[in-house]
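Q: This structure is in structure tokens; I'll ask about it shortly.
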């Protein structure tokens with residue numbers, strides 16, 4: 001049983017790591033996607049302010065700018081700027097070799113370019129004669145980048161283009177058959193397992209952008225970012241929950257619905273796993289409503305705030321988008337309320353559900369004594385505390401802000417920052433993560449002192465840590 005649980009946990013970590021890598025190529029470039037979405041929503045013939053001149057920006061941005069940014073970011077993730085340059089160069093091959101926006105190709109060629117130039121540099125390290133370093137560096141990047149561009153143009157581009165067209169046709173078929181709402185049966189559990197960024201930015205967004213380029217909008221942008229299912233669950237906790245869960249729910253509602261940080265509601269589901277049915281019911285009903293109203297967005301909304309959704313909503317789609325969010329909220333609230341009111345142990349709160357949650361998640365519980373940290377002791381001198389989450393922008397930023405304020409009030413002059421889990425800095429003394437991500441954090445930075453929390457918004461571990469640092 002223990003062996004099976006360890007295998008399940010290891011598999012989940014691998015899936016999270018792969019998903020984090022996919023979303024890591026998209027997330028840093030969200031600003032560019034939003035810029036393209038705004039220009040599209042405003043200036044295309046069916047936009048709010050039709051303008052033939054400005055509309056000329058739409059095509060080149062989606063064809064060249066966005067894939068090149070993804071390719072550069074993918075290469076940079078492997079081998080810093082040098083990898084990014086080769087990755088972007090190689091991406092140009094798939095762009096020119098295809099007649100559709102090549103996001104999938106960019107997500108392949110960018111990392112491949114970074115990987116190959118990294119391996120080349122490792123092979124020649126220490127073998128280049130003094131004075132020839134710059135020559136070798138520049139020409140090696142140019143030659144490898146050029147060869148990859150040619151290979152991508154003639155080989156990878158057409159193959160990826162065919163795959164992308166097949167996937168797009170499959171999505172259109174699913175939409176035509178009105179089966180798209182069933183996707184949330186898989187999306188909602190995946191979100192709670194911290195695969196939300198991978199699902200949205202690694203899978204749905206590339207397909208949605210291709211669809212939006214043809215039709216001016218895509219319903220795929222609404223599948224994962226819809227705040228309705230999470231809002232309904234948090235409202236149910238606020239009205240029918242007990243203990244810390246009830247007390248923290250109002251603040252979580254603001255952060256989730258207005259701030260767009262969906263990770264805030266995941267612990268509320270994980271502490272009562274049956275509530276995943278409420279999330280699924282809300283997600284399915286919301287997407288069904290979007291389908292009925294033929295609603296869609298012009299670009300990916302990030303974060304998943306109601307403000308971001310409305311900002312990316314094209315003309316004539318506001319009623320459908322708002323209806324989908326409201327229906328999803330109402331349905332998830334109704335289902336969650338039934339489960340919360342009928343629960344036998346109503347006194348269970350969010351700070352006491354850790355052990356049960358981890359058993360259900362298929363991993364050994366190590367949170368009860370996390371600050372004791374059986375494997376390590378807290379460093380004698382702490383200079384930097386880093387909060388880490390999957391993307392490094394949402395829940396970790398929220399937790400870092402809370403702890404930073406507590407540190408200031410306690411008179412402790414310690415740097416508190418946040419980052420993506422795959423970009424943890426080597427000089428971090430203490431790393432704080434959600435307990436479902438701690439295994440990955442320990443693999444990335446084994447020498448640091450690791451703290452697991454169940455809820456970034458309201459964790460007693462912050463006060464315990466401050467007391468330990470005062471000693």
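In case you wondered, yes, glycine gets a Cβ from its N, Cα and C as well.
Sequence annotations record features per position, and here Swiss-Prot assigns active site, phosphocysteine intermediate to 389 based on similarity to another entry. Taken from Swiss-Prot, the feature domain 'PTS EIIC type-2' applies to 18-342, supported by sequence analysis. Residues or ranges marked as domain 'PTS EIIB type-2' in Swiss-Prot: 383-471. Residues or ranges marked as phosphocysteine by Swiss-Prot on the basis of similarity to another entry: 389. The topological domain 'Cytoplasmic' feature in Swiss-Prot is assigned to 1-29, 77-139, 192-278, 341-471. Sequence annotations record features per position, and here Swiss-Prot assigns transmembrane segment to 30-51, 56-76, 140-161, 171-191, 279-298, 319-340 based on similarity to another entry.
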Q: Out of 140-161, 279-298, 319-340, which stretch has the largest tally of CB pairs under 8 angstroms to the transmembrane segment (30-51)?
A: 279-298
Q: Based on DSSP, name the secondary structure state of residue 389 (active site, phosphocysteine intermediate): helix, strand or coil.
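A: The residue in question, residue 389 (active site, phosphocysteine intermediate), is strand (DSSP, three-state).
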Q: Which numbers of helix, strand and coil residues does DSSP report for the topological domain 'Cytoplasmic' (77-139)?
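A: Going through the topological domain 'Cytoplasmic' (77-139) residue by residue, I get 49 helix, 0 strand, 14 coil.
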Q: Provide the number of Cβ atoms within 10 Å of the Cβ of the residue listed as 'active site, phosphocysteine intermediate', excluding the reference atom itself.
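A: Taking every protein chain into account, the count is 28.
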Q: Just to confirm my parser: what is the rounded mean pLDDT across the topological domain 'Cytoplasmic' (77-139)?
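A: Mean per-residue confidence for the topological domain 'Cytoplasmic' (77-139): 90 out of 100.
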Q: Summarise the topological domain 'Cytoplasmic' (192-278) as counts of helix, strand and coil residues per DSSP.
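A: So the topological domain 'Cytoplasmic' (192-278) is made up of 72 helix, 1 strand, 14 coil.
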